Amino acid sequence: MDKEKIVIQGARAHNLKNIDVEIPRDKLVVMTGLSGSGKSSLAFDTIYAEGQRRYVESLSAYARQFLGQMDKPDVDLIEGLSPAISIDQKTTSRNPRSTVGTVTEIHDYLRLLYARVGHPVCPNHGIEITSQTIEQMVDRVLEYPEKTRIQIMAPIVSGKKGTHKKTIEEIKKEGYVRIRVDGEIYDINDEIEIEKNKKHSIEIIIDRIVIKEGINTRLYDSIEAALRLADGYAVVDIMGDKELLFSEHYACPYCGFSVGELEPRMFSFNSPFGACPTCDGLGTKLEVDVDTVIPDRSMSLNEGAIIPWRPISSQYYPQMLASACKEFGIDMDTPLEKLSKEELDIILNGSKDKEFYFEYKNDFGMTRETWIPFEGILPNIERRYRETNSDFTRDQMAQYMTDLPCPSCKGYRLKEETLSVKVNDHHIGQISEFSINEALAFFDGLELSEKETQIAAPIFKEVRARLGFLKNVGLDYLTMSRAAGTLSGGEAQRIRLATQIGSRLTGVLYILDEPSIGLHQRDNDRLISTLQSMRDIGNTLIVVEHDEDTMMAADYLIDIGPGAGEHGGRIVAAGTPEEVANNKNSITGDYLSGKKFIPVPAKRRKGNGLELEIIGAKANNLKNVNAKIPLATFSCVTGVSGSGKSSLVNEVLRKALARKLNRNHAKPGEHKEIKGIENLEKIINIDQSPIGRTPRSNPATYTGAFDDIRDLFASTNEAKVRGYKKGRFSFNVKGGRCEACKGDGIIKIEMHFLPDVYVPCEVCHGKRYNGETLDIRYKGKNIAEVLEMTVEEGLEYFTNQPRIARKLQTIVDVGLGYIRLGQPATTLSGGEAQRVKLASELHKRSNGKSFYILDEPTTGLHADDIGRLLKVLQRLVEENGDTVLVIEHNLDVIKQADYLIDLGPEGGDGGGQIIATGTPEKIARSKKSYTGKYLKPILERDKERTEERIATAKKK
């Protein structure tokens, strides 16, 4: 067996056409090809699946039943496999307890650091809380030079009111001759005037010593006596200098604030020993959001100002509100903004104990009457959310609630005792709020004692290494407290990549899925060098990628195609990037060599003269941003990772437009106002989420073509004779579907410690319908055969049915002619799902008042796919007069835009400002813009190519 290669023979997963391929080991290998060509089928569903399966098979049957079993891939032979680790975008943790710090293990090292070198500080008095042995106290005092005069005291009263006569009498009985009261020294026999109503501090003076050789025993005895008298506390007054407070306890001598023994678990917000008891370590509390409950205060109660109590299904709450308003004299026709503070308080928070007469008439005409206090809208929503057993009700109430920082821990997630432990005046929560760059600077400037430095050295080494890896993959703007669930797919993947680099494993096969997603061109070089360093320590990297820089940096490039779906699944070219670029059969090669390219538009649109203006956006890291978006244009928001693009577009603009135009309850990010919304009628967010969560959803159902197809089958003569309506041809309802498999076509057989087996239904043989339904044919085919057609075949088949043909044509236009009409939604990639959504929008009639938002639509798309996507987006603007706004890093998309908004200059706190706006040419001239710097050579190169192409065409 050749140990230098991974040999694959006869791979047939999904659309792979029985392919053979050899992949060099210990190299950076990039797999590319059109979206849907079979890259993931080869990389993840064949190579990774087999590597993982072989490892799991080595375990006992008992252990295997607890692990996610991989199906044996459809392949004849794979040799030369190493243990495989998959780093994709789908396995991001959505657990609210996961943060960047916990995922990268940096937080674990910080917990260890604080447990070993942290100093507890009383939050009330700001003094350090220490626990020391008498030997440590003696050693500390003897650090002072000889002839230093000291007095040892026992603090027996600390900040307490009273004359304390009894205490002084007891001191006298003990035989002590001097005391200090409020800083003044008295003889015990003096007449000491102590005011009863003032707070006082009293210390017994145990001994006065001059530091010299041989005083150790006397010093030890005196401190021991002080500790005994003052319940474990002693004060050593260094004459002419400061006082030292010693304690045998981890407790403040003034207020008794105590901290237990420092342990790593005390600094974990996922442990009951460290988590804030108010929020259970989540850092937030779910509270009812008044602005979501009453989004428009210019409306009256009768106009439905209170969204959750609108009389849609039940009349119970509207009737209760009317009765309460009658009792408390609140006018239901007055806009809420004109009601008095007291009236609004009753509506929102209730009438407390004051009861009112309530007569309720239900839908059946029955009347019930009672005297009850008015609960109030906010407590009502909170109670229903907390007490309900219905998921539907909980989801309904959750729409009106928002996460606010916990009032006890201020969002730091940890209990007060934990947050009192400091290193260099910072508690662990404050360090977690640092960005990666700030954390690196903090640890570089940390000042510790010699002993502490020795203890912390191995911890610093690990923390610095992990922070460095995160910086190298372009994530230096993230904070360690950032919740893992809020990260984009690309960010989450690069974090896992950084974690793997930190483990420094060798001999491993890493399989990555587009690690460059969401990464600005500026940070691409760092990512590529990170991948190369993983290769250099002895690992094989297989990267599914479309980014040109990554492809050119590969040791070996595999192009899978030539087309997508049925037209793909073959190895078109394999070799060095230069060899692939010169391969005439490779579309990827044509783009790498410049034979094919996406042209620069001849002119930029100015729009229709109207614009959308965002004023005072402050969500996340946005710094009071004002931005204008010209309507009827193709606009693009750019900027380095973390600069605030998603905050501006998704958090502020999309949510504000959805709230106004779609009556959505989502609360927009902080901003002053948005002008020009009246020029729009609908907002459409086209993301890469699946078009359906179950295999029952498919492209035909999503685009609405299946409705028309069912109508067509129901209108055939045979269907009319049998009395079949359109519902007969649905696989979701009883009647026409096969009841043995409930219209799924497959039956799941659970195998416990083996993977579940899916077998075709024995009754319908995978066709989903019963025999009677399949008897109905249109142009020789039944409904099951139609669902098995590709979209291209369907378009030809339904060419005389304009309603269906129009919908199928748009799917072909977005480059998805190869997918099957009945292909389960769960088998579509993110890029494919996004284009199905685009297709369903394309066939709708538009009046030019639609606003489309796309967040990184090029994810998973080859340069050829991007060309097709851009034609569709330009068509929405050109033909319909609609507005398209895209968040994007891909320079091919950016250069085609009419208008750019570039955010920056950096990520995180260093971003959130608009650096430049205008046409791509204007941005390219900007000295401050990183986007402009990388865009300029691309514009120049592609303008030359476009001119050459035009000149060549003219000669012909």
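Glycine is no exception: its Cβ is also placed from the backbone N, Cα and C atoms.
Listed features, source Swiss-Prot:
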- 33-40, 639-646: ATP binding site (BINDING)
- 252-279: zinc finger (ZN_FING)
- 309-587: domain 'ABC transporter 1' (DOMAIN)
- 607-936: domain 'ABC transporter 2' (DOMAIN)
- 738-764: zinc finger (ZN_FING)
Using DSSP and collapsing to three states, where does K39 (ATP binding site) fall: helix, strand or coil?
helix
Are there residues at least 6 beyond the ends of the zinc finger (252-279) whose Cβ is under 8 Å from a Cβ of it, and what are they?
97, 102, 107-108, 110-112, 114-116, 118, 120, 122-125, 127, 129, 155, 158-159, 233, 245, 285, 406-409, 412-415, 417-418, 420-421, 428
Binding-site residues (K39, K645), the one with most neighbouring Cβ atoms at 10 Å:
K39
What is the number of residues in the zinc finger (252-279) that are helix, strand and coil, as DSSP sees it?
4 helix, 2 strand, 22 coil
Average pLDDT across the domain 'ABC transporter 1' (309-587), rounded to a whole number:
91
DSSP-derived class (H/G/I helix, E/B strand, else coil) of K645 (ATP binding site):
helix
Long-range same-chain neighbours of G33 (ATP binding site), Cβ under 8 Å, sequence gap at least 6?
K39, D559, I560, G561, G568, V572, T588, H862
